[in-house]
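Q: In case it's useful when we look at the structure, here is the feature table from TrEMBL:
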TRANSMEM  6-27  transmembrane segment
TRANSMEM  34-55  transmembrane segment
TRANSMEM  61-79  transmembrane segment
TRANSMEM  91-114  transmembrane segment
TRANSMEM  126-146  transmembrane segment
TRANSMEM  186-211  transmembrane segment
TRANSMEM  223-245  transmembrane segment
Amino acid sequence: MITLGLFDLSLAALLVVALALSSLRIYPEIAGQLTIAAIRTAIQLTLIGLVLKVLFANSHIVWVALLSLFMLAVAGREVMARQHRRFTGWWGYGIGALSMFISSFSVALFALIIVIGNQPWYEPQYAIPLLGMLLGNTMNGIALALDRLTSSASDQRDVIEARLMLGYSHQEAIADIRQQVFRTGLIPIINAMAAAGIVSLPGMMTGQILAGAAPVEAVKYQIMIMFLISGGAGFGTMAAMHFGVRRLFDDRLRLRLDRLSKTD
């Protein structure tokens, strides 16, 4: 594999600098956000590279578990931060984090123990990248789904309450919204699967090929990853939708929009 130096990375960074400067005339605020995001990317990836280097040299299930929980905690915060109308209290963080824990960790264990069958199953080389891809894509699906759920419930308050007064159950009163929410959560992965290999070459496959892996083997791993991500994102969206709907209604089947707080 061809190694990259700091000078090579600096050349690539010139594109971000050029874009930030060009955007100053159109949307000055976005230039700052883009610059900060680029700096965060460089720092965060450098740090995780150093952590993985140490972790690979000292493979132990405890360290793998701690890093996995840290990744989950950060992903849960990102889900909460992306909500325009988030649930108040612990629920604002807990629904996203719990949904990702149920879906991503279950799918990751299934892949590591049954599909890949590596020994030991928690080997960081496989466990951490796999869980990272699952959490990243599941996080996006859950964030979009929860944002759609809370926004639609707020916008359609009169319709939902009218249905409840007519004797509908809370599931029936919000049935059309649940369909929209589920579709919203799955659209990113459906689009990615539909375009894979034709419009775009997915990241994992591209990375393996650049690292010197045989194209056919890289394709096999990418197909597996796409299927796992679809399962993780789908079941994660279903879990988040279930917990979110439960929180939107109380035991007396009243719509409780007071359990939402609007963010800027």
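Including glycine, each Cβ sits where the backbone N, Cα and C put it.
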Q: Mind checking which residues of the chain, 6+ beyond the ends of the transmembrane segment (34-55), have their Cβ under 8 Å from one of its Cβ atoms?
A: 9, 13, 16, 19-20, 23, 63-64, 67, 124, 128
Q: Cβ pairs under 8 Å only, please: of the recorded stretches 6-27, 61-79, 126-146, 186-211, 223-245, which one is richest in them relative to the transmembrane segment (91-114)?
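A: Answer is 223-245, with the largest number of Cβ pairs below 8 Å.
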Q: Where, among 6-27, 61-79, 223-245, do we find the most CB pairs under 8 A to the transmembrane segment (126-146)?
A: 223-245
Q: Near the transmembrane segment (186-211), which same-chain residues lie under 8 Å Cβ to Cβ, leaving out any that are not at least 6 residues past its ends?
A: 1, 129, 133, 137, 140-141, 144, 217-219, 221-222, 225-226, 229-230, 233-234, 237
